[in-house]
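Structure first, commentary second.
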Ligand SMILES: Nc1ncnc2c1ncn2[C@@H]1O[C@H](COP(=O)(O)OP(=O)(O)OP(=O)(O)O)[C@@H](O)[C@H]1O
């Protein structure tokens, strides 16, 4: 069996290749600065702690230099060391150490607060945005991409924040250290400047070498999750088609690519880290060489030389830290671009302010509607002109691909037509207020998604629906009997995606969910396809009796169902025959059967073996 395509995953918004290193740096620092602004206490706290911590490294060097001149040298020359000097040295070293501990803890806690706070708020913003963005936007973006936006993109976007205050403190420490060395000796200051220059240059090279590798690793990780996500989603297909081995091989390839990409990254840091660690230590030899000559010439004290050497040795830490910060900045820029591409999207569903009066069935009017899917060559439907009176029970019949699902999606405003208008009770659906359609229209589709919750939870979905209404909806959906038979009844957990139920049972729970909100327009898109014809007839009759029939003169619900089985279409007041995206004919089942060969062929092709008379006897109408 041939293997399916490779696992190369593209990262939209990942145009890092075209960006200069300087531009990436500026963009990255801007992201960090913007993220810091929202934290009025934690940000200044982490920066101040970072700056103080940077200074403490210089203080330590000064204290050690002072102790060398005032304690160690006099000890060698048998000179008297006043007790005060010992106390000063002890106090300075202990004080600086304590300050370092406090600032390290403060900096780490405050930086974590800012980093994880930003992660959480970006994730919240993304989730809010996903909810706001319209169905067309969601159709253009895969589940894997949405997941990777909200998980790994957010993570890499804010990862450098943990080093931001540290890196700022490190730059400050380097400046103070350079000033301190320059104050003592210009020759040594030049050596220090050269060291900083060489290490920063090495960092620059490191960034250039590391960036593409880091990006490859990020792509490889995304590929692993995408393959895993697809395999979990398609588990049943994979098992039934016997392609477990090829799917496993695909996963192993993706995992292997990740291993290789990560290892290539490790090679670069393995070569770079010792350099950054050892460069200051190696420079100490130069400092010793120059410094000892300056001490002999009486232009430098031993204490100052020791202080300078100590400074060089401690410089390894801030230089390494700046390097680490810079090395993950490019990925933060990529992460930010990817999350921003979602957050800046304005592909929202537009709402108006109109509301629908009363609770009765909705009349639906479709005027000159046309619709083409993004990237499709031709129109999916159009022009479509329709009128359903309140309380009509309508079946939409047509060959596969004739546009039934597209039509009912437009009726429920899951998509807006390119041209034309859909009206409920005369009101353009686009001028209805947000939430108005959801409370009055229920859509039940063929793929009945159930949450990993109880039966009650799946029917109510957190809406204000009591058990009486739940049982009524289950009764109408012919689900009450089997729910009563399940241990736990309404409280029984259905498992992941309703795994503990059969396909037909799942469909009936999904149907009950649609009915429980007492909709004024019920749209069933092949929603009874998993039921046997007898049960399907019972369900549709129940719906007609309980949800459509007149109450004080008003019908309560208009029903539109896509179907092909005779058992469904014969129960409708009216049948629409769709062909090639247009309504080819409209009338009762008997009329269409009598006058349209194409219609008869479709219905016969889907014939379920149940005789038409049998259906009539079961309560159907034609
Ligand atoms: N997301 C999409 N992108 C592009 N074209 C699409 C998309 N969904 C459907 N189409 C096309 O639009 C046309 C109508 O599809 P639709 O799903 O409405 O048909 P249908 O009658 O419901 O089919 P079926 O009975 O097989 O569900 C078809 O030609 C189909 O290929």
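Cβ coordinates come from backbone N, Cα and C, glycine included.
Keep in mind that TrEMBL annotations are predicted by a computer and have not been checked by a curator.
TrEMBL lists 41-66 (among others) with the feature transmembrane segment. Residues 88-89, 92-93, 96-97, 99-100, 102-104, 106-107, 110-111, 113-114, 117, 164-174, 176-177, 180, 301, 303-308, 310-311, 314, 317-318 of the same chain lie 6+ residues outside the transmembrane segment (41-66) yet bring a C-beta within less than 8 angstroms of a C-beta in it.
The domain 'ABC transmembrane type-1' annotation in TrEMBL covers 45-331.
Here TrEMBL flags 86-114 (among others) as transmembrane segment.
Among residues of the same chain six or more beyond the transmembrane segment (163-181), those with a C-beta under 8 A of the stretch's C-beta atoms are 32, 36, 46-47, 49-55, 57-58, 61-62, 107, 110-111, 114, 188-189, 192-193, 196, 307-308, 311, 314-315, 317-319, 321-322, 324-325, 328. The transmembrane segment annotation in TrEMBL covers 163-181 (among others).
Sequence-distant contacts of the transmembrane segment (187-206) (same chain, at least 6 residues past either end, Cβ-Cβ under 8 Å): 21, 174, 177-178, 181, 268, 272, 275-276, 279-280, 283, 286-287, 290-291, 294, 308, 311-312, 315, 319, 322-323, 326-327. As annotated by TrEMBL, transmembrane segment applies to 187-206 (among others).
The feature transmembrane segment is assigned by TrEMBL to 275-297 (among others).
What TrEMBL lists as transmembrane segment is 309-334 (among others). Tertiary neighbourhood of the transmembrane segment (309-334): same-chain residues 11, 13-14, 16, 19, 24-25, 27-29, 31-32, 54, 57-58, 60-61, 64-65, 153, 156-160, 163-164, 166-167, 169-171, 173-174, 177, 180-181, 192, 195-196, 199-200, 202-203, 206-207, 210-211, 214-215, 218, 269, 272-273, 276-277, 279-281, 283-284, 287-288, 291, selected by CB-CB distance under 8 Å and a gap of 6+ residues from either end.
TrEMBL lists 364-605 with the feature domain 'ABC transporter'. Within the model, the domain 'ABC transporter' (364-605) shows a mean pLDDT value of 91, rounded to a whole number.
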